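Report on the following structure.
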Number of protein chains: 2
Amino acid sequence: MIPFKLTDKLVAEIEQLIENQEGKKLTSLLEDYHYADIAEIINDLNEDEATYLIKLLDSDKTSDILTELDEDVREAILNNLSAKEIAGELDELDTDDAADIIAELPEEIVQEVISEIGDKEHAKDIVDLLRYDENSAGGLMAKELVKVNENWTVTRCVREMRSQAENVTRVHSIYVVDNDDKLKGRLSLKDLLTVSTETHIKEIYIPKVDSVNVTENPEEVAKIMSKYDLEAIPVIDEIGRLVGRITIDDIVDVIREEAEKDYQLAAGISQDVEADDSIWDLTRARLPWLILGLFGGLGAAAIMGGFEEMISKHAVLFFFTPLIAAMAGNVGVQSSAIIVQGLANDDFKGSISNRLIKEMLLALLNGVILAAVLLIFTWFWKGHFYTALAISISLVVVIVVAGIIGTFVPLFLHKRGIDPAIATGPFITTSNDIFGILIYFLIAKFVLGI
Amino acid sequence: MIPFKLTDKLVAEIEQLIENQEGKKLTSLLEDYHYADIAEIINDLNEDEATYLIKLLDSDKTSDILTELDEDVREAILNNLSAKEIAGELDELDTDDAADIIAELPEEIVQEVISEIGDKEHAKDIVDLLRYDENSAGGLMAKELVKVNENWTVTRCVREMRSQAENVTRVHSIYVVDNDDKLKGRLSLKDLLTVSTETHIKEIYIPKVDSVNVTENPEEVAKIMSKYDLEAIPVIDEIGRLVGRITIDDIVDVIREEAEKDYQLAAGISQDVEADDSIWDLTRARLPWLILGLFGGLGAAAIMGGFEEMISKHAVLFFFTPLIAAMAGNVGVQSSAIIVQGLANDDFKGSISNRLIKEMLLALLNGVILAAVLLIFTWFWKGHFYTALAISISLVVVIVVAGIIGTFVPLFLHKRGIDPAIATGPFITTSNDIFGILIYFLIAKFVLGI
């Protein structure tokens with residue numbers, strides 16, 4: 001397949017057709033494009049052009065396009081649609097996507113939009129989904145699934161399944177419930193087709209089925225589904241009733257978003273932003289960490305000011321502060337990154353103290369190697385062995401302390417229920433800068449006997 | 001469902017049972033556990049215990065367990081198995097998993113293992129897969145799929161499909177090929193069941209099907225599958241023949257690994273390591289970046305040495321070098337992270353020069369805000385307006401330059417076909433440290449008229 005590539009030429013062509021109101025040409029041009037590709041095109045158009053296209057194309061296509069658009073573009077387009085038009089789009093969507101769109105609408109029109117949805121069962125399911133926290137299995141699941149009652153016969157089961165399956169894009173599994181709608185197990189299609197039509201489901205279903213609670217964290221759901229290689233998982237409520245189903249495509253998005261968030265936090269970006277966001281959004285995401293760094297730097301300056309009397313005799317010590325600070329920062333970030341990843345993947349064995357001891361040994365090994373290099377370089381360069389020794393000893397100690405801080409802080413935050421990813425990046429580098437410089441001057445003072 | 005939690009108690013119980021050679025109790029204890037959970041348990045056992053368990057349990061379970069084990073544990077266990085035993089495990093696995101395991105075996109036993117595989121077709125498929133680069137669609141795909149010839153009748157098609165489906169865990173799609181095995185399209189099960197049994201497949205198949213080339217990069221495959229919400233995608237060779245199929249569970253692993261690699265690179269960890277790896281492995285992954293940082297620090301020290309004559313009159317300038325270096329590093333990491341993510345997600349519009357101008361404006365805005373804070377603080381603290389002014393002006397310039405470097409370097413690497421993620425973290429902080437300090441002292445020298 002030739003992958004779709006958004007070109008300026010294509011966008012210009014479409015803009016021209018929109019300007020000339022050539023609806024027919026547009027429809028036939030866009031007919032062969034996948035909705036995800038059309039969404040990319042529309043993200044590049046202005047509000048009026050985008051609205052024109054959405055109104056022009058068929059609602060079975062535009063509904064899917066809407067789910068793929070950037071949030072701000074979607075918001076602008078929906079603002080230009082009537083409640084009835086929005087409801088028409090929601091009618092075409094699965095309940096989870098429809099609920100996500102409703103959650104973004106201004107409150108005053110939500111009720112009107114819902115009342116305009118043609119299929120009342122569909123509307124009811126969507127309203128059900130609005131109850132759940134966005135950040136839970138309930139907020140992720142769809143109501144579309146195939147379920148059968150354990151008391152049904154095979155004949156009835158097949159009949160009911162056929163009508164349910166019409167609303168479900170991918171069936172994946174047939175879930176079995178009891179009269180109270182409690183999840184009991186799942187059904188193998190093969191078993192269903194090889195037994196007598198009068199058999200009750202109760203006698204043939206598989207009682208083992210993985211499920212998650214409706215309040216479960218999406219990241220936990222992602223872990224379970226990818227660990228057990230599941231393509232869909234049923235969601236149950238507090239008393240075990242089957243309330244929805246999560247499919248793997250939603251989980252792929254959860255994994256991506258989580259990874260991006262962690263990456264941005266490690267880089268000192270505190271909100272979900274993209275390169276194409278406005279300068280103002282990007283500033284708000286970046287400035288807080290820079291201010292933290294600024295105050296860290298002021299703290300470091302204050303510490304160095306406290307050792308001012310050393311400057312006349314040992315100016316060279318001051319030349320090495322950026323080196324010490326950088327090494328403390330780098331080691332701290334390395335250690336915390338390993339811990340944050342280990343916590344995210346649940347692949348930790350052993351206790352916190354073992355972890356700290358290991359990190360200390362690791363830092364010591366790295367520190368001694370680096371200090372040896374530094375000692376030789378500085379000694380030859382500056383010709384003063386004791387200064388070189390003082391700097392090298394400090395480096396070892398600073399690296400070990402930095403490693404311990406980098407290990408301890410994320411573990412501590414995790415224990416307190418705070419996302420440890422927040423502790424990586426600027427937070428660790430800034431605190432390690434300050435500790436590193438303080439330790440450095442104290443040790444240098446001691447070794448040089450000032 | 002109650003999620004499985006690996007406890008010391010469970011491991012101790014299993015170790016005790018192994019010591020007492022209580023095979024029956026072990027089998028019945030482990031019967032209800034998922035293979036992914038048993039793999040977690042085995043990761044915690046020593047080599048002999050692990051081998052004992054693998055030999056004890058049924059090969060339809062142990063083969064799946066093997067695919068989930070940590071690589072070093074798996075290697076140790078396979079070392080203790082005969083070629084025949086290994087072949088027995090491979091017989092139970094899908095071709096892609098089997099090929100992955102063979103790729104890890106010592107070369108001298110590969111041929112023997114393959115010759116011991118019972119199902120010769122299966123062995124042939126596995127050998128086919130060994131040809132492909134691990135880092136390509138071919139290295140990711142499995143040979144298991146359901147395909148039918150366009151010239152078959154519906155009757156023959158159903159018969160052949162039935163026998164093929166036995167080897168395929170999840171069917172997802174039925175692919176249609178011509179006499180040369182070239183991929184022509186896919187078949188809807190519904191269409192198949194509603195036409196006359198003598199119809200030829202040619203007349204009813206859907207000619208539109210997404211596919212990827214066998215040499216395609218796994219990350220590109222992941223992008224395509226998640227963009228178009230595909231749960232499986234057929235793989236074709238250079239002349240369009242259907243050679244395999246990639247399923248979404250493999251893609252989930254690709255996305256996870258890619259995210260972890262980028263995260264580690266940003267944190268200055270150059271190899272795929274985990275918190276539980278040996279100190280030696282962790283050192284090898286971390287030391288290179290630290291050495292880079294060390295030489296960066298020596299460079300910074302050399303630059304400061306060049307401004308030594310300023311130290312007597314303006315010692316306070318030296319106190320602010322860690323602040324300048326830290327800010328340069330933070331801004332550089334923020335800029336590069338946004339670019340790396342944008343490149344990974346393909347969501348860039350506009351040219352490189354626009355990108356640089358935007359980043360410059362952004363850095364300028366952040367820089368001016370931070371410089372204003374710094375100016376007020378330093379002025380009040382040190383009481384010397386011109387020194388404070390020199391430091392603040394430098395900060396603005398340093399931040400702008402850092403932002404430009406952070407933007408330019410990953411874009412440049414990407415153009416050259418090098419993974420831009422390598423440019424984040426220590427690389428950017430180190431180079432920005434040096435540039436930042438140099439710019440700082442040059443500007444300070446100019447402003448203070450020294």
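Sequential numbering from 1, following the chain as shown.
From the backbone N, Cα and C atoms, a Cβ is placed for every residue, glycine too.
Quick look at what TrEMBL lists:
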type     : residues  : note
DOMAIN   : B:141-203 : domain 'CBS'
DOMAIN   : B:205-261 : domain 'CBS'
TRANSMEM : B:287-307 : transmembrane segment
TRANSMEM : B:319-340 : transmembrane segment
TRANSMEM : B:361-381 : transmembrane segment
TRANSMEM : B:387-413 : transmembrane segment
TRANSMEM : B:425-448 : transmembrane segment
- Other parts of the chain folded back onto the transmembrane segment (B:287-307), taken as Cβ under 8 Å at six or more residues beyond its ends: 268-270, 317-318, 321, 325, 425-427, 429-431, 433-434, 437-438, 441, 445
- Task: Can you tell me which of B:319-340, B:387-413, B:425-448 gets the most C-beta pairs within less than 8 Å of the transmembrane segment (B:361-381)?
- Result: B:387-413
- Against which stretches of its own chain does the transmembrane segment (B:387-413) lie, if we need a Cβ under 8 Å and a gap of at least six residues from its ends? 314, 316-317, 320, 323-324, 327-329, 331-336, 339-340, 343, 352, 355-356, 359-360, 362-364, 366-368, 370-372, 374-375, 378-379, 419-424, 427-428, 431-432, 435-436, 439-440, 443-444, 447-448
- Item | Contacting positions for the transmembrane segment (B:319-340) when only residues 6+ beyond its ends and CB under 8 Å are counted | 262, 266, 300, 304, 355, 359, 363, 366, 370, 374, 378, 391, 394-395, 398-399, 401-407, 409-411, 420-421, 423-425, 428-429, 431-433, 435-437, 440
- Residues in the domain 'CBS' (B:141-203) grouped by DSSP into helix, strand and remaining coil: 21 helix, 17 strand, 25 coil
- Item | Helix, strand and coil residues within the domain 'CBS' (B:205-261) as assigned by DSSP | 24 helix, 15 strand, 18 coil
- Item | For the domain 'CBS' (B:205-261), mean pLDDT (0 to 100) | 91
